[in-house]
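Participant: Just lifted these from Swiss-Prot, have a look:
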- 1-28: transit peptide (TRANSIT)
- 40-133: domain '2Fe-2S ferredoxin-type' (DOMAIN)
- LYS51: N6-acetyllysine (MOD_RES)
- LYS55: N6-acetyllysine (MOD_RES)
- CYS93, CYS98, CYS101, CYS113: [2Fe-2S] cluster binding site (BINDING)
- 146-218: region 'Interaction with SDHAF1' (REGION)
- 176-206: domain '4Fe-4S ferredoxin-type' (DOMAIN)
- CYS186, CYS189, CYS192, CYS253: [4Fe-4S] cluster binding site (BINDING)
- CYS196, CYS243, CYS249: [3Fe-4S] cluster binding site (BINDING)
- TRP201: ubiquinone binding site (BINDING)
Amino acid sequence: MAAVVALSLRRRLPATTLGGACLQASRGAQTAAATAPRIKKFAIYRWDPDKAGDKPHMQTYEVDLNKCGPMVLDALIKIKNEVDSTLTFRRSCREGICGSCAMNINGGNTLACTRRIDTNLNKVSKIYPLPHMYVIKDLVPDLSNFYAQYKSIEPYLKKKDESQEGKQQYLQSIEEREKLDGLYECILCACCSTSCPSYWWNGDKYLGPAVLMQAYRWMIDSRDDFTEERLAKLQDPFSLYRCHTIMNCTRTCPKGLNPGKAIAEIKKMMATYKEKKASV
């Protein structure tokens, strides 16, 4: 009996050894595959106004995706830290909250911190600053006009009787507060405004979707007393009425908001306001 057991063990040993060798080879192949470089190319808009004779051009960088985070901003930071420290762009929160890293990625305006890298290694990812804006350097647009327009709508609570300011709360019902959902979440990244053809051609007069959505946010706030005055400021032919419902703004918003709908609501409010004004 002992001889039979010994024979059985001897017969199994080669199979066991062979299985172990196969498993080890398989693990080795997986490790090799995991460590194989995954080189992704990024073509990035470059322009330095402080460099004499420099003209806007595209510069291509290569990044190993195995050594990079999943978002486009991760790749930009890696390029700046490890390849080219002169590359300039804005960024802050890295969580889709501040709006700093807004740029045009593969043809669409979005946030670099929330846009995942296209892992197709055969395609070059193209990155530009927000379109139709003056460029300060590389991927940094000049947002001075955008912020000035935002300031012009007085984006804060206004009361006609200020005697109670700081002495009591301005209460809202749940229903009144819910009217602000889909409006207050705007982070002023300018993705929507810079995707709007009407804003491209009339940016000096047309306020654009981002600013108009914020104007609407304060018009319908139950605590605000200046709705009619806010409407009166938009009566000219350009501030509001250059919107032609192209809806690029809604399609591109990285927060999933609907500026086009807000503008349509302002137009309806404006019609009622004008009727009321004419009847006086």
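Using the three backbone atoms N, Cα and C, a Cβ is placed for every residue, glycine included.
Help me understand the surroundings of these features in the structure.
Facilitator: Long-range Cβ contacts of LYS51 (N6-acetyllysine) within its own chain (separation 6+, distance under 8 Å) are none.
Within the same chain, residues at least 6 positions away in sequence whose Cβ sits under 8 Å from that of LYS55 (N6-acetyllysine) are TRP47.
The secondary structure of CYS101 ([2Fe-2S] cluster binding site), as reduced to three states from DSSP, is coil rather than helix or strand. For CYS101 ([2Fe-2S] cluster binding site), the same-chain residues that are 6 or more apart in sequence and have a Cβ closer than 8 Å to its Cβ are LEU73, PHE89, ARG90, ARG91, SER92, ARG94, LEU111, ALA112, CYS113.
Here the domain '4Fe-4S ferredoxin-type' (176-206) has a mean pLDDT of 97 out of 100.
Under the DSSP three-state reduction, CYS192 ([4Fe-4S] cluster binding site) is assigned to coil, being neither helix nor strand.
Under the DSSP three-state reduction, CYS243 ([3Fe-4S] cluster binding site) is assigned to coil, being neither helix nor strand. Counting every protein chain shown, 23 other Cβ atoms lie within 10 Å of the Cβ of CYS243 ([3Fe-4S] cluster binding site).
The number of other CB atoms found within 10 A of the CB of TRP201 (ubiquinone binding site), across every protein chain shown, is 12. Following the DSSP three-state reduction, the secondary structure of TRP201 (ubiquinone binding site) is helix.
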Participant: Could you check which of the binding-site residues CYS98, TRP201, CYS249 is the closest Cα neighbour of CYS186 ([4Fe-4S] cluster binding site)?
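Facilitator: The smallest Cα gap between CYS186 ([4Fe-4S] cluster binding site) and any of the binding-site residues is with CYS98.
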Participant: So around the [4Fe-4S] cluster site, CYS186, CYS189, CYS192, CYS253 aside, which residues have their CB within 8 A of the centroid of those CB atoms?
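Facilitator: Neighbours within 8 Å of the Cβ centroid, excluding CYS186, CYS189, CYS192, CYS253: GLY99, ILE187, LEU188, ALA190, CYS191, SER193, PRO209, ALA210, MET213, CYS249, THR252, PRO254, LYS255, LEU257, PRO259.
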Participant: Work out the three-state DSSP category of LYS55 (N6-acetyllysine).
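Facilitator: Its secondary structure by DSSP: coil.
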Participant: According to DSSP, which kind of secondary structure is CYS249 ([3Fe-4S] cluster binding site) found in, if we only use helix, strand and coil?
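Facilitator: SS state of CYS249 ([3Fe-4S] cluster binding site) = helix.
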